[in-house]
Each structure stands twice: as C-alpha cells, then as structure tokens.
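As structure tokens, the structure follows; a few thoughts come after it.
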Ligand code: 5AD
Ligand code: SF4
C-alpha cells in the first residue's frame, strides 16, 4: 500500500521547484503518493517562506491546525526557508513537529523522514546532489535550477541567510537535464535561481568560464526545447550582451522579471541594490527599443526605512514610465539577520509609519491597475504564439500562454494541447484575453 503525502508550498518558484524534488524523491524511494487531503496523509510537509514576517508568524498556528486533524501516527515536517532560519527552535516550540529540513537540504528528505525530532539545516554541502529526481505538474513545462543561494547583500533580505552563498550548477548537468526534459516532450523550461544572471560566478567544482548569456545560448541549441524563461534576473547584471541575446534569440520568451524594489536612487543605495533609477530606466528603454511588445514584471517594496514622499514619487514615476505588466508589491517587513533590521534596532533609522506605508501600497496598486487596463486594451488585434496547456472538451475552449506570459483563451473545435500556434486577440473581457486561431 502506498503511503500518502500532503505538501503545502508557500513562497517563490524556487520553493515550488524544491517541492517537486521532494515529491519525486518520496514517490520513487519511499513509495509515497500525493494527496490533497491532510486528514488522510501519513506525512504532512510545509515548505515555508521567510521573506516577510507574516507567513512566518502564521506557521505555528498552521502546525497546530494540522496536528489537530492529522491521523494518529502521521508525521509533520517543516522544510524550506523558515526551517533554515529557525532551525531547532521549531522543534522546541512545537511538540507536533517531527523534523525540520532547511531550504538547502531538501535532497535529504528520504533520509530525514526516518529520524525522530531532528533539524538538518546546514548550508555547506555538495551542490551536485541538488540535481535529482523531479516531479513535473505538466509534461509540457519543466523547471531547472541553475544556481542556488544568493551572494547579494540587499539590506532588507533574509534569503542570503536562509539559502546561503551563491553556487552555480555545473553547465553539463543543466544541459543534460534540459535534454532529458526535451526527450520526454517538454516544450518550455523555466530556469531558476535567486539571481540567475550572475550565473557562472562560482562553481563548487573546476569549471570552464561561462556567463548567463552563454548558458541561454547553449540551452537554446537543444532540439525540442522551444521556449525558455528564467527567474529572477538582477537589473544590475543586464548588460548589453545579454539584452542583445534576449532580444534576438527566438526561443527566449519575451517576458522578463525586473525587480525594481524602489524607484529612488537614494533608497536603492540604502538597499544596496547596486543600480540607480537612471540605470534601471536605461535598461528598460534599450529592451523596449529592441522588443516593443516586451512584457515586464516587477517587485516593489514600499515603506523601506527613511523612504520619503519624494522617494515614493520616484517609484511611481518609474511605474508610469515602464508600464509594468505585472506588479508584486509589498510593505517593508523587518527581517532578522539583515542590515536594515540592525539599523532599526540601533535606532539609526526610524521605521515608516504603518498607516503611511499602507497608503503608499494602495496608491501604487491603484496606479498599476490603471496601467494594466491600458495595457490590456492595447492587446486587441495583436498576434501571439500560444503554447496550449489545456482543453475544455465540453466548451471547446483551449487555454495557453503567450510568450509574453499572458493567459489566453481560444475557441477551437479540436484539442491542440502541446502545440504552439499563432493567435489573434479578438476580444478583451476585463482582464481576460480571448483570441482566434490564425
Ligand atoms: N520586506 C518586504 N518585502 C521583501 N522582499 C524581500 N525581502 C523583503 C522584506 N524584508 C520582496 C522583494 C523581493 C520579493 C521576493 O520579496 O521585493 O524581490
Ligand atoms: Fe534577496 Fe537581493 Fe539576493 Fe534577491 S538579490 S534574494 S532581494 S539579497
């Protein structure tokens, strides 16, 4: 009889990928089968995120909920960034937790489930063990880690503490994985790393010199891989060579995540982001001049310590100029082990009033909603290549994503899942785009 695994995944694409690894390991080596019902699970895992304080605070009440409804002998394990960050103290605080496994230790999942009340959270280990079995949600799309950890020291960010130093995965392992995916029918791959375009900076084994742009080129030479996406790049490392390759290589999807964080050069300096407002706008301008239909998404933090009204207006100015397609926005949340948290602790800087930060967040979101409406209106009659991912037989409705990552629905008499087809946008219903096959 199979044992049942319930897994809850919080946070970023990296965590989703780690969960894929965990599921595959437990299915292959330990005879587990996934369930969506925690009540029937033999093992309950929470793959946690610690980037902001709120989800971390919720963790212990969630553990309590699971402990109440779980089967008698079912185990509870805490994985991911909060596991790295809080380590053994999770075991001390909650008797219900059986083990704690850090974000950089997920490859040890099939060993730790046999241990009692342990925390494995060290961050020096052989990265080659990182490429191991994976369980894809869809055969059409696959994710590949190209680096782990982060070497930047953005002053608000806990990630370098939880995921450790940046190490690039050897190129041949990435290429082999991409070929394996292509052979099984995968059309689109998503390359993952905290800071993907710093690829090649450090390997744990002797390695030829290579950078991110060269890696993209090499992966794009693999037959069968038709689309390549990546997340997250850092605006600082977007040099001209990268932008040229990005613009001219047809396999590179024309959607990019450019985490702005703030539009104020003063705040960017305090955040230690390494670029200015002008650099960011210059990179965007260059990309738009080569790829007019490019879709750009971003992350913005409001209420970073010392952010004035003027600084915030700079952020709104960049929002207006770039017309981001997607915005992920957050109120600054002070995190342990970060430089900004130390400034606050030492009373070197004051925190921004919560109500004021909320006002800024609402304003930012409102402005972005207007931009989104305008961007959507411009889509009428545009032509996109769509990779179809699902077909609703009853309503004869295909659904897929454009290379600019927009969800598009198309009425069609036949199932074209797995095909990439040209589609003309014929209708816009609120945020939803509807197209016709060409
Ligand atoms: N407070 C608020 N937002 C944060 N992020 C990272 N750290 C913090 C923090 N301390 C946001 C950044 C990052 C995204 C993943 O989360 O915008 O790009
Ligand atoms: Fe955090 Fe900055 Fe590294 Fe991104 S680049 S993970 S924001 S430290």
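Along the chain as shown, residues are numbered 1 onward.
The backbone N, Cα and C atoms fix where each Cβ goes, glycine too.
Mean pLDDT, taken over the domain 'MTTase N-terminal' (3-118), works out to 94 on the 0 to 100 scale. What TrEMBL lists as domain 'MTTase N-terminal' is 3-118.
The annotation [4Fe-4S] cluster 1 binding site is assigned in TrEMBL to 12, 49, 81. Taken residue by residue with DSSP, residue 49 ([4Fe-4S] cluster 1 binding site) is part of neither helix nor strand, so it is coil.
Residues annotated as domain 'Radical SAM core' in TrEMBL: 136-375.
The [4Fe-4S] cluster 2 binding site annotation in TrEMBL covers 150, 154, 157. DSSP classifies residue 157 ([4Fe-4S] cluster 2 binding site) as coil under the three-state reduction.
Residues annotated as domain 'TRAM' in TrEMBL: 377-438.
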Looking at the binding-site residues listed here (150, 154, 157), whose Cα lies nearest to that of residue 49 ([4Fe-4S] cluster 1 binding site)?
157
Cα of residue 157 ([4Fe-4S] cluster 2 binding site) to Cα of residue 81 ([4Fe-4S] cluster 1 binding site): how many Å, rounded?
12
What binding-site residues in 12, 49, 81 place CB under 6 Å from ligand 2?
none
When neighbour density is defined as the number of other C-beta atoms within 10 angstroms of a residue's C-beta, which of the binding-site residues 12, 49, 150, 154, 157 has the lowest density?
12
Distant-in-sequence Cβ neighbours of residue 81 ([4Fe-4S] cluster 1 binding site), under 8 Å, six or more positions away
11, 15, 48, 49, 50, 51, 103, 158, 159, 162, 163
